[in-house]
Amino acid sequence: MAAAERRGIFITGTDTGVGKTLVAAGLARFLTERGLRVGVCKPVESGVANPADLGPDAGLLKWAAGSSETDDLISPYRLSAPLSPDQAAKLENRRIDFNKIAEAVDSTATKCDFMIIEGAGGLMAPLAGGLLVADLVKQLGFPLLVVARTELGTINHTLLTTFAARTMEIPTTGIILCGMPETPDQAQQNAPHALASLASCGVLASLPAVDGSERQKVQSLAETLASSPTLPWLLSALNLTRRLSDYP
Ligand SMILES: Nc1ncnc2c1ncn2[C@@H]1O[C@H](COP(=O)(O)OP(=O)(O)OP(=O)(O)O)[C@@H](O)[C@H]1O
Ligand SMILES: C[C@H](N)[C@@H](CCCCCC(=O)O)NC(=O)O
Ligand SMILES: [Mg+2]
């Protein structure tokens, strides 16, 4: 399928553990509940205790999207060690092949309205022999969505990520801040405004810290998205405004 005909995003983060999976799954849930066929892929997941099964990230994405794709299409590389993917792959004498990932993504994308791909770690995390997550993003051809934490330090990490994306000519749709507490401190109150004025792309949502199991958190974030005042910007940035109005 030609890149221009495919709708979707590649979700990266400013670091590992910043909320990429929750944002990806929350968005998948939100869109699926509105009738869109959402394809999901976690091309490389490291730290998978039992690689015969889906890891926690891919499993949550599959649940959120209600996907019936095979495990190998949703999660082409499942690696045991909770390390940088290239290192985890080396420990198993494996090499991550971008063409295999591209085939899996293409095969899913042809069957769905919107594709959500979650990277591993941040944009510069190494995947294979000097190739980084950013190189995979370029090969797959989907625009980037950057998930960032809310605490002090996030301005620097987020701007470094968007700057690196721009330098590598990777189109970035925007930033989502994830985990805003009910009572944000001064740094957290300032972060969305600072990023909105300094980054070369918009802040498309500021999502709250939510409670419960991982699935409950995803459901809460999907509901938050539905009532978010910035939802129109988010949908427009994802090129989904018209598509969603076609559905109930
Ligand atoms: N908005 C939030 N509210 C509550 N908990 C959150 C929120 N965002 C993330 N978390 C929690 O923080 C942890 C890390 O989040 P998540 O797994 O989404 O990170 P990640 O960026 O996908 O990490 P990785 O690089 O391993 O893929 C999880 O336990 C998740 O439940
Ligand atoms: C083990 C982590 N949870 C994550 C990989 C993080 C790599 C970070 C590399 C680095 O920047 O040092 N794996 C994953 O997202 O599948
Ligand atoms: Mg994740």
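The backbone N, Cα and C atoms fix where each Cβ goes, and this holds for glycine too.
The candidate list THR21, THR32, THR70, THR150 contains one residue that TrEMBL assigns to the Mg(2+) site with ASP57, GLU118, namely THR21. It is 7 Å from the Cα atom of THR21 (ATP binding site) to that of GLU118 (Mg(2+) binding site). In this structure the alpha carbons, written CA, of SER46 (substrate binding site) and ALA209 (ATP binding site) are 25 Å apart. Spacing of GLY19 (ATP binding site) relative to GLU118 (Mg(2+) binding site) is 11 Å (Cα to Cα, whole number). Summary: among the binding-site residues (GLY17, GLY19, GLY119, GLY121), the fewest other C-beta atoms within 10 A of the C-beta are counted at GLY17. DSSP classifies GLU118 (Mg(2+) binding site) as strand under the three-state reduction.
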